[in-house]
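Enquirer: According to Swiss-Prot, the protein has these features:
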type	residues	note
REGION	46-78	region 'Disordered'
COMPBIAS	46-55	compositional bias 'Polar residues'
COMPBIAS	56-74	compositional bias 'Low complexity'
REGION	81-332	region 'I'
BINDING	126-133, 457-464	ATP binding site
DOMAIN	336-371	domain 'UVR'
REGION	383-575	region 'II'
Amino acid sequence: MNNNFFNSDFDSILRRMMQDMQNSNQTSNKKYYINGKEVSPEELAQFTQQGGNHSAEQSAQAFQQAALRQQGQQSGNGNYLEQIGRNLTQEARDGLLDPVIGRDKEIQETAEVLSRRTKNNPILVGEAGVGKTAIVEGLAQAIVEGNVPAAIKDKEIISIDISSLEAGTQYRGAFEENIQKLVEGVKSSQNAVLFFDEIHQIIGSGATGSDSGSKGLSDILKPALSRGEISIIGATTQDEYRNNIMKDAALTRRFNEVLVNEPSAKDTVEILKGIREKFETHHQVKLPDDVLKACVDLSIQYIPQRLLPDKAIDVLDITAAHLSAQSPAIDKVTTEKRISELEHDKRKAVSAEEYKKADDIQKEIKSLQDKLENSNGEHTAVATVHDISDTIQRLTGIPVSQMDANDIERLKNISSRLRSKIIGQDKAVEMVSRAIRRNRAGFDDGNRPIGSFLFVGPTGVGKTELAKQLAIDLFGNKEALIRLDMSEYSDTTAVSKMIGTTAGYVGYDDNSNTLTEKVRRNPYSVILFDEIEKANPQILTLLLQVMDDGNLTDGQGNVINFKNTIIICTSNAGFGNGNDTEEKDIMHEMKKFFRPEFLNRFNGIVEFLHLDKDALQDIVNLLLDDVQVTLDKKGITMDVSQDAKDWLIEEGYDEELGARPLRRIVEQQVRDKITDYYLDHTDVKHVDIDVEDNELVVKGK
């Protein structure tokens, strides 16, 4: 690079400066700066000598490297480890680490690998949240307690942040210099074990990716790892281990894999009991045993996309923080720390003879001490199972507290609640209710969706409405209904709308609108496949796996859990003729449209019958109730005569089309006429609807 600043004139200026330095007797009082950095005369002389023979960039790099070497020699390699890492063993001695419960096997395996003569580098492999970092902390505690092989009883585990190695390395060679200092620090200490969390980041870290010869962190460490000169503990996930570490065979063989699985529910409860005291001290909240068990049980049931113990600990922490924020209890730890700070300030004020300030500080100390004495733990909040349910509800949107409070009674009455909304389809409602009661009461195998049903019947008889009411009754709102119109899934590429595209196709990284992604975000939902007979056969093939195994693999290889969903398929393929058709006759008719293995996966095939006029009497009441809900927003009450209701039924009854014509009549004859009347009488508070001359009439008050 050509830089006019570093030319012969600049060299002459530097030579003149050097002559002044030699001729002056007051050199010690002069200061010299290069690029804003103060340097000694010797460093300036070295820079001048190199700058005269090299380009500006090379001179700057040489000076930077010399400064780094000098800094490393001054600070020492041991201090460098302290600068960029945390000594977990020392933290264990100081009692700063949480206890590790139920991981003795993994800790023992890690200790055995570390005690090897060569290739003594364990790598903890497990999914996110299973406690890989906690195992390393447990190993540090085991070293302090002496419960490890003799070969590693004096080891110090240093947790290294990879980003700290890269920080400030703007010149070529600076990163390699940091790595060499790190390696030399480990060699000189003779008892240091490095811990890299997210160790897959060492692949390519520090490499320039060009032909300049700059090496990455993993390339520099390989020789030392194979000879056993340094020992490293790594932690990473299964995917990152496969996609990064295993691609480098030379690096893989230098590590020994220690598999970390998700702990059982029983072990997780014991883990929570082990860390309970620290959470109680931090939040000033009591956490009984039943609360710990509820954290585990509810997190397993309602947060299936995450793993234990991480999700259970999060639920416990969030609940305690929520109660602590609402509790008037004094934070004892913070208050005592504040009193200690004030005592120090008071002593300084007395030393400075600022007695008025010291007196004010003493009054504040007395006030805080009185608060501590008066609290005595009597206002300490106590967590309950209901608080855990509220936390799950805030995290997932599922009304867990409502479902748990009186779940048995709700299960008993589910059929009556659905019958009040779905008119004339008692047989269908009862079949659906039985399947849901069986699943929710715990008498199902648990490896399939809550229920899978095929609703068959003519249009307008309540098939879709029953799915909506199920979503409201079970999950609290209509948003829990995922509705897919199968007329949009009739082409051969429709599978990509369900599970996303596979690698190599457009949209592989964008699966936000697929069914699998929606279920992953909302695992508790009702999935409605409307008019299933229009779907492409590949869609039906996918549903076989969902209804049989309760899971589905998306285009990116992620397994999505469908075990907390209700699957409903609807079809109007020639059924619902008003007769009491036997189930075997229904199966015979449906085999004309669907394969037997598809029909055989459903919990029930439900026939919806034609609606008669008696059923429409209840339906018109429901539709008018919806109108009243709208009028309530305007502060208007409504009274509809029986003659008006009979007139609506007569005008809206169509046996073939079901209840939809009645809905249109109510829309046109009731809502529209009330709207017209309101626009002419904006102060109206009550309306009466009756029949005059075979027409509906709206009168207001």
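Cβ from N, Cα, C; glycine included.
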Enquirer: State the mean pLDDT for the domain 'UVR' (336-371).
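Expert: Across the domain 'UVR' (336-371), the average pLDDT comes out at 86.
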Enquirer: Tell me the residue counts in helix, strand and coil for the domain 'UVR' (336-371), as DSSP assigns them.
Expert: 33 helix, 0 strand, 3 coil
Enquirer: Please work out which residue of Ala128, Val130, Val461 has the most C-beta neighbours within 10 angstroms of its C-beta, and give that one of the binding-site residues.
Expert: Val461
Enquirer: Hey, of the binding-site residues listed (Gly126, Gly457), which one tops the CB count within 10 A?
Expert: Gly457
Enquirer: Write out the long-range same-chain contacts of Lys463 (ATP binding site), meaning residues 6 or more apart in sequence whose Cβ is under 8 Å from its Cβ.
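Expert: Spatial neighbours, sequence-distant, of Lys463 (ATP binding site): Phe455, Gly457, Thr570, Phe608.
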Enquirer: Using a 10 Å radius around its CB, how many other CB atoms surround Lys132 (ATP binding site)?
Expert: 24
Enquirer: Can you tell me the three-state DSSP label for Gly126 (ATP binding site)?
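Expert: The three-state answer is coil.
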Enquirer: What's the number of neighbouring CB atoms sitting within 10 A of the CB on Thr459 (ATP binding site)?
Expert: 16
